[in-house]
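To start, the structure itself, in structure tokens.
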């Protein structure tokens, strides 16, 4: 089968379990082992019932939740192709994640829940010193992801091109050039990050429009509403009303988001203990 570059795999061994590497090597695991691996190094067709494939897009959403210092690490030339965390108790959500991952026609609330549960599983490995190097090795984040990580860690800050470049240990001109090569700019990414955070605060937490504006770095509520309408095609209030009608049963996803599992908060870096 084709190598799955840019994707990761999470496997859970309920009993003794074997993974086959692409080089023909067999890796043996005991019951209770949770495995995080570079999917391109695993023959995933051998373990369909026991794994969740995490796409590059999902990994790219998880990465900005981490502190920006993590992205200053150099991608290691020698990192393991997989990590193992032995869980002292069963993981009931794993089967649910696996089932959701196999469903190609998920409702919006189900998509949120699947992503939240995947992030929860990924957080198990946060205390492993090899986790971030392996994640970066697989994902090799582009400049867009690095910039968004910096912005999301302090969304209300008055960011400038020079300040972001300083956080990423490069010159403003080099940062501008790299972003241009990726078809974007720091101002565009700043707006995207703030609008995404605004949507989270409005839809998930029900925060007032004035507080959302301040939390997202806007000193003028009217200007915030103007930017929001240009970005989403409707005002914050209109979006809130529409979401309330479309997502009456998303309490589970919202609850997980409030605990810092789905969206980037300081608590998300603490992970969960199993």
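Each Cβ is built from the backbone N, Cα and C atoms, and glycine gets one as well.
DSSP states for the domain 'HTH araC/xylS-type' (145-242), grouped as helix (H, G, I), strand (E, B) and coil, give 70 helix, 0 strand, 28 coil. Look at Swiss-Prot and you will find 145-242 tagged as domain 'HTH araC/xylS-type', backed by sequence analysis.
Sequence annotations record features per position, and here Swiss-Prot assigns DNA-binding region to 162-183 (among others) based on sequence analysis.
Among residues of the same chain six or more beyond the DNA-binding region (209-232), those with a C-beta under 8 A of the stretch's C-beta atoms are 155-159, 191, 194-195, 197-199, 201-202, 239. Marked as DNA-binding region by Swiss-Prot on the basis of sequence analysis: 209-232 (among others).
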